[in-house]
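A.B. asks: According to TrEMBL, the protein has these features:
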- B:24-312: domain 'Gcp-like' (DOMAIN)
- B:H111, B:H115, B:D305: Fe cation binding site (BINDING)
- B:L134, B:V135, B:S136, B:G137, B:G138, B:D167, B:G180, B:N277: substrate binding site (BINDING)
Amino acid sequence: MATILALDTSTQACSVALNIDGVVLEDFRMAPRLHNDLILPMVDQILHQAGLTLSNLDAIAFGRGPGSFTGLRISAGVVQGLAFGSDLPVIPVSTLAALSLEGFQKTGQSDWLAALDARMGEIYLGGYRISKVDGQYDVTLLIDECVAKPAALSSFSSQFNGVGSGWCYADILSALLPDSPAHVLTDLSPRAACIAELALLHYQKGEVVSSYDAIPTYLRDEITWEKQAPRIGKR
Amino acid sequence: MKVLGLETSCDETGIAIYDTENGLLAHKIYSQIAQHAEYGGVVPELASRDHVRKTLPLIDEVLQEAGMKKSELDAIAYTSGPGLVGALMAGATIGRSLAYALGIPALGVHHMEGHLLAPMLEESQPEMPFIALLVSGGHTQLVRVDGIGEYRLLGQSLDDAAGEAFDKAAKMIGLPYPGGPHIAALAKQGNPESGLKFPRPMTDRPGLDFSFSGLKTAFLTAVHEALDEARCDEQFKADAALAFETAVVDTLVIKCRRALEMEGLKQLIIAGGVSANQRLREQLESQLKKINASVFYARPEFCTDNGAMIAYAGAQRLVNGQSSELALSIRARWPLSELPPLKES
């Protein structure tokens, strides 16, 4: 088993968790725009509460995205500093997988189309199957993560439940499924407890990276910023 | 005290280690300029993404250059404002959490205090009190410095910063970002007798404020006239670059001299990206000699954004027991005058 610290600041929620040999401890707060104030004190507090220091950890995990760019970088930056300073490996975890796990925990349903509002009329989307056998989770990626306009998506051949803020487009997304989804959990946000659960699976498979590679997965990478060659006589 | 300094407020990742006993031990700068040049200016999102990739590898390089282990660091200083919030956040999150992991104090440093104190990294240093001209792409300020944290703003730009004016003028004649060095290079081919002359804004009225917006418009008008008359050739551009550079430099020199006279001081330091301008340095030296005053500046790589100035400025406060809490306070805007004075222990 292992002891893993997990952070998530990918949405308006700010959360930290400890996974101590499968027992998960979490501090979850809705804190729009306060992540930078809260995140390190929350890390300090949860370690203190568990009677641990960074030297007792085996790895540090974070919600690597998709999500708010600034939010993702807050976790990535904090994790880089913590992991580099204490010589620990890092486990980047998908926020969409974390949402799917939360959907599973709430309903027992396995297949989830997790979606986060990406603004500009787009959503971040990914499909996951969650199962639990003998107390051990298993996660399978069913639909590759992407950023897309909901109306531009093609139909899905299998059935899913819906989770995440991206289901504000529930009408459009439901119409792409064979049947209307049994569960649509729009209010759930990625949370560190789920990141910590998934991190343990990655850790057991040896899926860790160095502190250098604690980098967000933005999904929206194509350059939307207009290139401007200087033009003579123009401001 | 060995202080690691991180600067990530704009488009430069600067990392350094300053030792209060042995001076600067190592420093590295990674510049994103080439990446932003394609866009005609800094794209904040791209800058932030790059800082998150480059900061940690640079910290490792700097530790190696200094021949140090990270456990030998005594404190960490990072720029916490003013600047681009996303960019500042990269250095602040990494710097503060690294200090937490190492169990050492950390301090958020004011970017302009870093620039202001950068000349103190050189052998020839001024003694306080002195006047500082902070002149960059984001600032044009005259400040009276009586001690660390004892700053009085004497005047500042009411619109564009001098560096911003250079960038915009450069763009108008098809030169790439950042404009200052390109204008200066082109100005070398300019003819001082071309007859082109731009205003020296706000020099004919009392006070120490600046304004570069009108000068920019005058420049654009001249470019348009040349275009209309089909004489906007390379020589015209060089002449215009020279006339523009001279106008900015003259304006800065007049106000610096005035500030020294008004405050009765004999020492000026210049800092910030534009302080690397050769004409500005030459003009200040010759003009200030006339009033028996002298000018101090940092080596060129410490005029633009760098980690050494942040490590140095941070060290001055950290050795006096100042430090920042775990909550990361980032300030996009942060008047220099709000900094606390350094209490001598």
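Note that Cβ sites are derived from N, Cα and C of the backbone, with glycine treated the same way.
TrEMBL entries are annotated by machine, without manual review.
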A.B. asks: Of the binding-site residues B:H111, B:H115, B:D305, which one sits closest to B:D167 (substrate binding site) when you measure Cα to Cα?
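C.D. replies: The answer is B:D305.
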A.B. asks: So what's the average pLDDT for the domain 'Gcp-like' (B:24-312)?
C.D. replies: 95
A.B. asks: Using all protein chains in view, find how many other C-beta atoms are within 10 Å of the C-beta of B:H115 (Fe cation binding site).
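C.D. replies: Result for B:H115 (Fe cation binding site): 31 other Cβ atoms within 10 Å.
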A.B. asks: Find, among the binding-site residues listed as B:G138, B:G180, the one whose Cβ has the highest number of other Cβ atoms within 10 Å in the structure shown.
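C.D. replies: Ranked by Cβ atoms within 10 Å, first place goes to B:G180.
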A.B. asks: Please state how far apart, in Å and to a whole number, the two most distant Cα atoms are among B:L134, B:V135, B:S136, B:G137, B:G138, B:D167, B:G180, B:N277, the recorded substrate-binding residues.
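C.D. replies: Max Cα-Cα spread across the substrate binders: 17 Å.
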A.B. asks: How many other Cβ atoms sit within 10 Å of the Cβ of B:S136 (substrate binding site)?
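C.D. replies: For B:S136 (substrate binding site), the 10 Å Cβ neighbour count is 25.
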A.B. asks: Expressed to the nearest Å, what is the distance separating B:D305 (Fe cation binding site) and B:S136 (substrate binding site) at their Cα atoms?
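C.D. replies: Rounded to a whole number, the Cα-Cα distance is 10 Å.
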A.B. asks: Taking the Cα atoms as reference points, how far is B:S136 (substrate binding site) from B:H115 (Fe cation binding site) in Å?
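C.D. replies: B:S136 (substrate binding site) and B:H115 (Fe cation binding site) have their Cα atoms 10 Å apart.
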A.B. asks: Just the number: how many Å between the Cα atoms of B:G180 (substrate binding site) and B:H115 (Fe cation binding site)?
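C.D. replies: Per the Cα atoms, B:G180 (substrate binding site) and B:H115 (Fe cation binding site) stand 18 Å apart.
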A.B. asks: Return the residue, from the listed binding-site residues B:L134, B:V135, with the maximum count of other C-beta atoms within 10 angstroms of its C-beta.
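C.D. replies: Answer returned by the neighbour count: B:V135.
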A.B. asks: May I ask which of the binding-site residues B:L134, B:V135, B:G137, B:G138, B:N277 is closest to B:H115 (Fe cation binding site) if we compare their C-alpha atoms?
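C.D. replies: Checked the binding-site residues B:L134, B:V135, B:G137, B:G138, B:N277; minimum Cα distance to B:H115 (Fe cation binding site) goes to B:L134.
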A.B. asks: Where does B:N277 (substrate binding site) sit in the DSSP three-state scheme?
C.D. replies: coil
